[in-house]
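Quick notes on the structure that follows.
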Amino acid sequence: MGCLSGIAKYLLFIFNFLIVICGITLIAVGAVITANESKGLDSFTDFSVGGFAIAVGVIIFIIAFFGCCGAIKENGCMLTTYAVILIVLLILQIVLGAMAFVAVKNDDGSLDKEVKKVVTKTFDDYVKDPTEDKKKVIDAIQQDFKCCGVDNWSYWILKGMIQPPSSCYEDEDVQLSKIFKDGCAKRFQEVITYNIKVIGGIALGFAVVELVCAIFAFIVKNRS
């Protein structure tokens, strides 16, 4: 048992040290995203991806740092607190992961309608008041998601334009053969559905890692 607890101690430290690095990386990525959002790219949504990434990174860092210190010092109180937090997170992640998969599978089209409503509002706002900041947002959306208009390129023609903006074309090369065929509402719907599945999978995957870390924490605690 002594040998097992010794191995568990160092594995627990290594796991959490790697998670600390992941937390720091997430904070750095969130800071970069936030910097980009401040340039006007956040006006598409009230939700700050950068802020969320930073918040998650800080939480991960604190929990993992707790695990590292608890493992090295073999502090029973810290290890118990750490293990309990992990178990609570594990349960939440399993529930959220399952809900994500069920939500995608049983969606009655309400998600698509909401996405289309937001996309339509964003594009219509630009048409009504074509400021430079709004143009940057629209151009970024169409180039990044390789889409044109709300449903397709005809959106721009119906709004009175002679032809769609250059951002509707691959590499902004204004040739009919290079125009993006999909509308931005459809592309956003696809991306959001894909991301929900990915987040659900990651949540379930992390739950396994957290279960192992919680078990190691209890083993090391019993040793201390």
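Yeah, the Cβs are placed from backbone N, Cα and C, and that goes for glycine too.
Checking the candidates C184, C213 against TrEMBL, the cysteine paired with C147 through a disulfide bond is C184.
Scored by C-beta pairs under 8 angstroms, the transmembrane segment (47-72) has its highest count with 12-35, from the stretches 12-35, 79-104, 198-220.
C147 (disulfide bond) sits 6 Å from C168 (disulfide bond), counting Cα to Cα.
Most buried of the disulfide-bonded residues C148, C168, C184, judged by other Cβ atoms within 10 Å, is C184. The CA atom of C184 (disulfide bond) is located 6 Å away from the CA atom of C148 (disulfide bond).
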